[in-house]
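A quick write-up on the structure given underneath.
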Amino acid sequence: MIGFWRQMRLLLWKGVLVKSRQKFWLTVELLVPLILFIILALVRTRDFTDFEPQCHYDSKGFPSAGILPFLHSFLCSFSNDCHLSPTTGDEQRYIHDGRDKNESVIVDALYYSSQQLEWIGENPSKFSQLLDSFTQLVKILARINGTQIELPKLYQFFRPSVNVSQTLLDLGLTQEASDALATATLTPTFFLRAFDYVKELRSKPKILLAFMAFRPVPILCNETIFDSSFVLLPNITLTDEDRRSLCGVSPLALLTYYSEYQDRITLESYPSFRGANVTLEELSRAVSTLLPLVQEQPIFEGFSKWNHLLSGSLNNITSAIFCGDNPFDIATDGMGPVPTNAKTPFDELRLSLIEFIEKIVPGQQKHEKQFCHDVWLNNPLRMADFVRQQLYKYPEIADNLQTGLYGSDLRAASMNVLVFLQRFGKMLPVEPELLKSMEFALEHIFAPATDPYSFGALTKNVTETFNQYATCFLLDRFVTVTNESVMEETATCLADYQQYFSGIVVMNMTDNATEFDPITFYKIRHLPSLVDNTYYYEDNPRRVFDRNHPFSDLKYLTYGFSFLQEAVERAIIGLRVSSNRTLGMYAQQEPYPCVAFDKFNIVVFLGLFTILSFICPAALLVKNIVYEKELRLKEHMRIMGLGDMVHLWSWAVISLVLNLISTAIIAAIIKFGNLLVVVDFSLIFVFLSLFAMSSIALCLLLSTFFTNANISTAATCLIYFLFFFPFQISLKARSKTFTQFTLIFPQTTLGYGSAMLAMYSDDGKGTWKDIDSIYLEAYDVSLVNCMVAFALQIVSFILLAWYKSAVSPGVDLFSKECA
């Protein structure tokens, strides 16, 4: 019988001869494993560096900090935007201290409303005076003949017996300037400018008034202001001399003039006051009393800040609500039109908020089940507060309220003001859109109750809509249970109907306890989807960017866990120390430095590319072995004394030589192609060589199960690829036992090892001295485990292949011929 080594030499010579004649398949077996890695190395030549600036984040106000800070955080900082410099926190702790560039109009409305209520409480007499002055002005405006409203001329403010043109000469005006001014029409701008000028003079210290007493009056000297305040007759043109005489009028001269002719000033010559029983003193007293009081109101300051919204678009209003940022804007790159179904960044936020609200305050939904232990499902609101009950009643009285407003002096006064705006509004320093809004409001706000735009109708519709949606929410959501076990069962049941939010368990409390222990332990059993999971022991090393997404990275704040924790602790501390300090809490994410990070992530596809590269040589190896079995060549060689395993060993050696060549080149590409620069070349080569030997052993085992070459080729490709799936499943399962079991598959073992090499390469580890520290703690597997697994796979597959070949060598040639 021919010896083992002589058989091996002959079979190797035969294999080399076959390979030399099959140059195409030899080229395929050598080059195909390299193609993907060559492409990968070429792609790696591009720069995948991503730069992120340093980030500072707004502080988040807890409910304990107050309703305004809490709303400010929700509306202005909920999206947790990255800022290049500090914006809030220790540097800027307060809302209305002049540091916030943009504030939400909702927060401002609440703030100025609270300030207004405080002002009313501190100044009851002034508030009463304000109401009286406003009522008096409304009555005066209602008595004025609105159909005869005309802009007054200067001489109409004097008695008919007074020669106004002659009196103006006392101010030092020329005759032409006096005649022009006496017959000039006074525009609304004149009265606004005059009021502001008087207000400015009154605000100056007495020392400065002495210097200003001889300065020119802007309304007369400034040509632009003069033209907008006076409308001269068409045939009158002022010369330069006339202009100089107007500039010569000083505040002191005007005061002297008014004192001299005060008793001759009246409104009887003004057509709009004829028959209205209105005197100048009455109107002047009402206006002069009301305006300073109005300007003193905090709510007036807020209105002055946001009055531009009256003529603004929906986008402007939205931006005002969200502190200058419009979350409904679509983030595009400016390339082409925006698709109609494109989602804005706020869409995901809005949907998540709706889902969140439905979870914590679900309304009436029809379920077959009525109870979860002692907790009613869909139990209607048992105790509505006073405001909600009043809102339920409001639609019933809205029509009567509007009828009362329509029959009051407010209707007549508003119509007179409307006529004035329609005729002379263009002369006012008001934006056209705002003017239209004012006219529309005056026309409809005090209209009959049948007007859909009247105050009563609008508020009725808004209230009815609010009441309709308010019934969808349950506000009484606090339930006490016996113990934690009951709470868990109840919570599980409620969660099925999306009616569970959170639970609080105080530890070591007896049924008869009357106070908390000195050291109180408690649990917060939040809904699992509303808190961060605990699948990881630490963050991914490749995660170098900040975590700032509110719905995935900041769940403890977004979904109320931290708020609930702070409320519970404040309550416990307050009971223990018998104190209730009004200290609010803020939370602020730590600043994050600027980062330059390579986004090229080889962890995802290194193992997969390796498998795809070796799948072709593996299929060819199985095909060649099965092809000889299919042609009965193995039986003929066995007749000549061939051993059972020598035939398989010869093919394994030839395949190993070819695979080692490919492996060496692949290791060089990975090392020097800027894929895994830190990892030692020898470590990569040894790891891939072990995989190649394990893959060859697996192919030897697979070849024993087939007798048809074509079927074996297709089956090998399929099995080779399917053995990689346990690695993907293990990433989701996160079971250490399952991970250890999957190490029986070479492809899965390759996936673990490749992922570890790629991950630790980013951390600067990848040498032989670091091999013991290359470890995936979440899966309880290390690189050493993978190499040992490869060795065990090689031995196991070879033994199984030998056993299968010896027990079932194939179809006997002679028995088949005899049959």
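Glycine is no exception: its Cβ is also placed from the backbone N, Cα and C atoms.
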Which listed span TrEMBL calls transmembrane segment, if the choices are 201-220, 741-760: 741-760
Cβ contacts the transmembrane segment (741-760)/the transmembrane segment (682-702), at least three under 8 Å, sequence gap 6 or more: yes
Proximity of the transmembrane segment (602-627) to the transmembrane segment (781-803), 3+ C-beta pairs under 8 angstroms: no
Folded-back contacts onto the transmembrane segment (24-43), same chain, C-beta under 8 angstroms, at least six residues removed: 602, 609, 612-614, 616-617, 620, 658-659, 661-662, 665-666, 669-670, 673-675
